[in-house]
Each structure stands twice: as structure tokens, then as C-alpha cells.
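As recorded in TrEMBL:
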- A:77-282: domain 'ABC transmembrane type-1' (DOMAIN)
- A:25-45: transmembrane segment (TRANSMEM)
- A:84-103: transmembrane segment (TRANSMEM)
- A:115-140: transmembrane segment (TRANSMEM)
- A:146-164: transmembrane segment (TRANSMEM)
- A:193-214: transmembrane segment (TRANSMEM)
- A:264-286: transmembrane segment (TRANSMEM)
């Protein structure tokens, strides 16, 4: 009975205005975030569509100069897929084991702290430095030649810390109750991790791996130093220079002829499409393994 | 199947914190022993020392002896994993494995310990679910996720999961505190049935529940914040609730505590 206007009905005009204002700001921020993204996609699709043809996917640039029409990125697509596959094969197991160590075994031990610190440091490594490292160690010191594998090594250096961080966060999210439930059944720790903890965290880990794959797939700088540039198809990632989409785009875009520039645009479009396709597949896989609620 | 537990001079620590002090007691086989006492008095900690779950927590350690019939659980050559297979546990909050179906939840302990034969698993899963009074409710949807059941059903699923590995002793840490009265009744009926086969220890904050389900009751108390929890007395439930030896026990069960 404090004030006469205790009716529950109306919201004061001031609050309504504030509500509208903040709502407007939120939509504005959203639009600002989306505009560059849509514009970028649109530009790439518009310019890339011109050469989005069978030739592009079926041919390499072997024997073609920048001014020539035709040609394609077959060698680059093969190269990128092989390099990213090798990168993932190297990086994902190392990163997963490291994350499992940090969350399940490391605790507050000194080693865990050191590992965690260096993961943070590695996350901040500029990609060109990863490339230089492989150049210095693999190509110059060990005297190995340019190859897709060397490229994959440099990409793995970039991928490992990202996957460790993502997997670590996901493992931390697994409720401790589940670990205890498993221990209480007389299940050893390693089996608990393999059959209870990892499956529960799997959807998140897959998403993290895919984001890391998407990131390294677009890296150009380390590849220029490690796989070099070739216009020919090289399906063997262990010997000789290999193509890749980022270096293909870099090479073609640097050529002033409009045929080359068109190829660069289509290369960018294909790269984006491959990353989107990977993400889509990852989402489907993650959904298939998702812990099902009620 | 059921075994006697004899605890003598047991202390438990969390890092530098002395959590429970000098506990000695005997838990009789094929009976229900209830632990009561105020929050933080070490009931759950003590319960967890009985299947070596206490030491799962970083920095936690135990001193003293826990004899399961004639084996010391803390003997130098004893494998804690084997102890936990012998002494099962049900937790306060139902915690079915979210990635597994009802069937797989019950079979989890066996599968993760290497039992693979489908027919054998089928039998044990059915038997365990019947043992947990859940079979009739779930027999047509064994392939559905365990997390889709109601809270009470989930807790019975966890009990089925615990008895599927055929332990000698079943520890229950406030198994009904997250459940409604109907589900609580279902669990209590189940406890009454299970005590024919197992040694059961149950921690509860509900004194009526202790009075209803248990044969013996142990009262734990704590002298003050930061002090270790102690066992005040253990006796037949009827005696504890009508004529306890200690004044503190009487104060607690009659609500005059604190």
C-alpha cells in the first residue's frame, strides 16, 4: 500500500524508450558485423563465378602463362586437400593427447603449467615464423626438398595450439560427476577418458578441429616457404614442390592479366566453398554424436 | 555376496585440511547402515573412503584401515580400481552417461571392464534393471538415451548400473535428495529389497528416511568450522532414535541442534 499507482499493467515510458533504444543498437551492431561478411562473399561469388567451370576443376596451369585463358586449379585443390589431411593427421592426435594430459592428468603440476604456457606462446606465433622454422629445420638443416609434407609440418605448428585450447575447453566442460560415476564402477582412468569423457566432449572437439582446419587451409605465407610454387600436378606430397589454393591465389592475383585475376577469384571461391563444406560435414558428424537429451 | 566392513582409526585429509578424525566402526553385511549428521561433518568424505573414491580428488589422502572381510582396502598391493568394482557407489545427483542408451548405461561397467558377449550382457542388463525396479518402465526403450528418463528413473538407472558389476557393498550418497517423494519411496523400497543381497551404506539428511530404511545408524558431528568431523555414535537405528547414548545425538535427532 505504498503508492497509489501500484497497478501491474503499464511500463513507464522511460523504460519503453530505453528498451527500444537498446534493441535498435543490438540490431545495428549485428548489421555492422554482417555487412562486411556478406559483401565479401558477394564479391567473391560475383568475380569467381566467371571461371567456375569444368576446366577449372579438371586442369592445372601447366604450360600456361598468366595471359592465357583456360587453365585451372586442379593441382592446387589436390595439394591443399593433401596438405590439410597430413596436417590434421599430425596435429590432431598430438593436440588431443596434450589436451587430455592437461585436463585429466596434469592438474596443477609444474609440467602442466609449462605445457600450458607454451601452448599460449604457440598460439601467438605468426604464420610466417612457422614457415621459416620449417624452412630452417626441414629444408636447410636436414636438406629435404620443397614438398607438400614440409608445408603440412608448418601448418601443423599452427594447428596444434588451436586444437589443444579448443579440446581443453571442451574436456573441462565434461561434468566431473561422469568421471566419478565411471571410476565408481571400477573403470580405470584411461578407459574412463576413452569411453566416457572423450565421447561426451566429442561434438565440441570436432567443431574445434574444423575451425582449426579452416584456419590453416587459408594460410599462405608458410606454404610459400615450404611447398614453393608449381603449375603442374604433383599428387605426391612427399617429393617436389606442390600447389595449394592459397599460393595459387597469391600467384594468380599477382599477375596483371585479367585471365589470371579471374582464376584467382575462382580459387578464392573454391577455397571458401571447401571450408564451408568441411564445416557442414563437421556439424553433421557432431550432431550424430551429440549427447541426446529428453 | 555381501561383506562386512571394519574401519579402524581412519583419518581423511584434503590437502592440509583434516576432514575426518579417527573413525572406527563395523558395518554389518546384508543390512542397511545410515550415516546422519549436519552438513560438512564428513559423512560423504567417510563414505568415499570406503571405496577409495576419496583419493580421486587431487591432494586428498587417507590414513587408517578399512577391512573388507579380511582384506585391507588400503593395503600396499591393493588396486583401487578393483576396490571400486567390489564396492559400488550411487551419487547424490543422478548421473547417467549422456552419450549412452539405457542399455549401454547399465552395461557400461561391464563393457568398460571387457565383457563383450551380447547374450551375457543382455542377461545382466535385464537382471540389473529388474533389481532396480526399472525394467517394466524401460524394457521397450532400452535403445533410447538414459538422460531422457525422469529424475527418479535416472537414479534407479544409476543403481542398476552400480549393481550390474555385482559389487559386494553398495554405497549411496544422499541418493534421494534430488528426488520427489514418490521417487524417494521407490528408491527406499528398492533399498529394502537390495539389502538381502548387499551390504548397504546410505548417507542421508532425511532422518525419517534413516529411521525407515536402516538397521543401524551412525551419527557424525563436527566441533566447529575447520575442525575435523567425528563419529559420535553408532547403534541400532531403533536405539539411536529413541534412546541414544550421547546428548549430541539426541539434540540432533530431536532438532535441538545448534
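Just so you know, glycine gets a Cβ as well, placed from its N, Cα and C.
Tallying C-beta pairs under 8 angstroms between the transmembrane segment (A:193-214) and each of A:25-45, A:115-140, A:146-164, A:264-286 places A:264-286 first.
The stretch from A:25-45, A:115-140, A:146-164, A:264-286 that makes the most Cβ contacts under 8 Å with the transmembrane segment (A:84-103) is A:146-164. With a cut-off of 8 Å between Cβ atoms, the residues of this chain six or more beyond the transmembrane segment (A:264-286) that come close are 41, 44-45, 47-52, 56, 73, 76-77, 80-81, 202-204, 206-207, 209-210, 213-214, 217-218, 245-246, 248-249, 252-253. Same-chain neighbours of the transmembrane segment (A:25-45): 265, 268-269, 272, counting only residues six or more beyond its ends whose CB sits under 8 Å from a CB of the stretch.
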